[in-house]
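As recorded in TrEMBL:
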type: TRANSMEM; residues: A:20-44; note: transmembrane segment
type: DOMAIN; residues: A:76-290; note: domain 'ABC transmembrane type-1'
type: TRANSMEM; residues: A:80-103; note: transmembrane segment
type: TRANSMEM; residues: A:115-133; note: transmembrane segment
type: TRANSMEM; residues: A:139-155; note: transmembrane segment
type: TRANSMEM; residues: A:167-191; note: transmembrane segment
type: TRANSMEM; residues: A:211-228; note: transmembrane segment
type: TRANSMEM; residues: A:240-260; note: transmembrane segment
type: TRANSMEM; residues: A:272-295; note: transmembrane segment
Amino acid sequence: MRSPKTISLLQHEIREGVLFLLPAMVLIFGITLFPILFTFVLSFTDTPLSNPSPQNFVGLSNYLSFLRSTQFWQAIWRTLYFTVVSVGVELLLGLGIALLIHARPPGWAFLRTSLIIPWAVPTIVNGALWRWIYNADYGALNGLLYSLGIIDKYRPWLTEPMRALNLVIVADIWHSVPFIALILQAALATLPLELDEAAAVDGANAWQRFWLIRLPLLRPAILVALVIRTVEAFRVFDIIYVITQGGPAFGTVTISYLTYLESFSYGHLGSGAALSFLITLFTLAMALIYVRLLYRPEVQG
Amino acid sequence: MRGLSRLLVFVVLVALLLAGCGGQAAAGPKVVKVLAMQQAGPTPEEMNAIVAEFNEKNPNVKVEIEYVSYDALHDKIVTAMATTPPSYDVILVDDIWYAEFAKAGYLWDVTDRVDAQTKEKVFAAAWDITTVNGRIYGMPWLLDAKYFYYNEKILKEAGFDHPPATWEELVEQARVIKEKGLVEYPIAWSWAQAEAAICDFVALLYGNGGRFVDDQGKPAFNDEKGVQVLEWMVKTIDEGISNPASVSYVEEDVRNVFSQGKAAFALNWLYMYDLAALDEKESQVVGQVKMSLVPVFEAMAKQGLKSATINGSMGFSVVDKSPNREAAWEYVKYLTSEDVQKRYAAHLLPIWSANYEGEALEALKALNPATPVTVPMFKEQFPYAHVRPKVPYYLEGSKALQLALQEALTKQKTPAQALNDAAAKWVELQSK
């Protein structure tokens with residue numbers, strides 16, 4: 001049985017604990033929760049950017065007007081295409097590079113270090129870089145293809161919607177492959193060698209060892225890289241802002257770009273907030289799918 | 001007891017923290033914060049020098065100035081205006097934002113503070129920039145328009161001794177230039193999905209006798225004249241006269257292409273003259289660059305129209321919510337005063353018409369190597385400059401028109417269809 005003294009000590013500790021936690025809670029509420037709740041409230045109003053306190057409740061009409069607009073669905077489609085292609089290619093290339101480094105060919109340390117460079121370049125700088133590379137009249141891409149004899153005269157690259165989207169994807173891949181490669185390479189380095197060796201003794205060939213042993217063991221690392229990159233790719237904005245400004249003919253307007261236009265260029269804070277929440281729903285759904293597909297308990301630890 | 005004292009310490013700390021955040025500046029000169037841009041117009045050094053002069057003459061006011069790029073300016077202003085008091089007391093406003101900002105209540109109405117003399121001595125066209133529904137919301141400052149540039153050397157090699165006066169003549173000259181292999185694509189445009197495309201389109205539209213909106217403010221850019229212009233734009237790309245990369249180019253790309261000698265003609269703001277014609281570091285065509293009036297279409301030329309272009313000017317305004325409006329307005333007046341404008345006219349032509357007459361004109365022309373050309377050219381071209389509609393939904397309407405131009409240029413829609421769709425969007429925005 002507890003004495004009254006212990007209880008008061010316990011209460012004291014709780015009180016102290018709460019006191020110590022309070023600043024952190026205030027910060028988290030102020031920086032994370034409050035803006036989310038505020039945005040949620042805004043998304044049901046027609047608040048203009050010029051007077052950003054919630055007003056004029058309009059119910060679901062912001063959401064409904066987007067769900068009914070072709071511009072919204074085209075942007076969603078483009079964003080999905082961007083995400084699937086860029087993350088897919090990044091994963092394959094990243095895995096290949098990770099395996100290559102892991103095999104420690106001559107110069108692997110140099111390779112691993114230089115791999116950081118594209119990732120270390122800020123996205124805005126990366127965008128400016130590729131904008132120059134793709135330039136029709138003095139870009140490096142034209143220069144390269146021309147001097148290799150692949151094209152007979154300089155051509156414009158960013159003037160067709162679908163091609164522009166693909167070229168923006170290439171720029172994004174160049175930037176993000178290193179991230180996936182480094183995560184997977186780090187994961188590879190921690191895998192227990194015994195399993196691999198045992199399988200080799202049992203006569204498994206290199207492909208079988210990769211497919212049946214290493215890949216399943218890499219699954220948690222792949223999941224982490226995929227979730228981070230998918231969410232990032234789904235919210236892609238800056239690289240498009242720099243390379244194409246959403247053009248040509250809205251061909252590279254992704255859902256985040258649409259949100260930017262809606263909120264800041266057109267000044268519709270309410271519908272911009274609704275778009276942000278739609279993006280959140282989509283990313284949440286994708287994260288859940290990943291967890292279902294890849295996060296199997298038996299491969300943990 | 002101990003707990004209580006700790007709580008007290010905590011409360012005091014929080015109070016101190018809050019006081020530190022929201023603390024008022026000690027008594028001293030009134031601070032006037034200015035948001036300007038670092039792009040076209042005077043250099044930051046020149047702007048800073050004007051600020052220093054003002055601060056010295058007004059010891060009770062302290063002006064602090066900040067610069068952003070043009071593309072960041074609008075969004076920076078609208079986010080800064082959300083706080084009270086706002087982060088800036090004076091802002092640089094583009095022609096096309098005045099209606100939006102006036103409606104949002106950002107700008108101080110200075111109609112009664114502009115005296116009759118000032119009103120009369122500043123170009124009438126300049127007042128159009130800062131005036132919305134008859135009220136004046138600031139001082140005009142940067143008067144700019146798109147000018148027509150040509151490479152005299154290429155024209156001479158093609159056998160032409162004069163620049164084209166009409167767009168039809170330009171096409172003829174361009175065909176010869178292309179056939180002779182002097183350049184692959186004789187003219188470069190800024191037709192990317194940006195405001196730049198609207199500027200070029202408006203210059204062509206008025207040169208064909210078209211109008212952006214009619215007298216009732218309804219869209220008119222999709223009438224017969226507008227469709228003809230967009231069809232012409234598409235045709236010149238198909239024929240290889242316009243650089244096909246124009247669809248992804250803004251003004252800086254046009255300047256680069258033209259400065260490399262890869263275009264014989266270009267449409268651009270005044271800033272390109274100094275950089276393309278005189279600056280060895282920026283240009284490979286130094287000494288070959290000339291300017292002339294922006295051409296018009298032949299049918300309009302026959303009716304006596306000499307030129308048509310786009311007005312891309314800016315003004316300085318005082319923020320309505322500013323606690324120091326009077327001091328801020330004094331600074332704006334100083335910055336745009338006749339004396340200051342005359343002394344700092346190297347990269348910014350004055351808004352005062354008196355500077356363009358008699359001795360003052362000669363002094364203005366003698367300011368730097370560019371002004372002997374740019375000053376007379378400005379005087380000749382600016383009267384033909386057309387402003388875009390002053391409506392609060394301009395940016396959204398403009399985006400719809402940018403999309404239409406691009407849809408036609410990338411062959412996703414016919415010019416008529418694309419322009420009609422944009423006009424429908426414009427009508428929808430009006431009814432909101």
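Using N, Cα and C of the backbone, Cβ positions are placed for all residues, glycine too.
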With the transmembrane segment (A:167-191) as the reference, which stretch in A:20-44, A:80-103, A:139-155, A:272-295 has the largest tally of C-beta pairs below 8 Å?
A:80-103
Is the count of Cβ pairs under 8 Å between the transmembrane segment (A:20-44) and the transmembrane segment (A:272-295), pairs 6 or more apart in sequence, 3 or more?
yes
So, do the transmembrane segment (A:139-155) and the transmembrane segment (A:115-133) meet, by the test of 3 or more Cβ pairs under 8 Å (sequence gap 6 or more)?
yes
Cβ-Cβ under 8 Å with the transmembrane segment (A:115-133): same-chain residues at least 6 beyond its ends:
97, 101, 139-141, 167-168, 170-171, 174-179, 181-182, 238-243
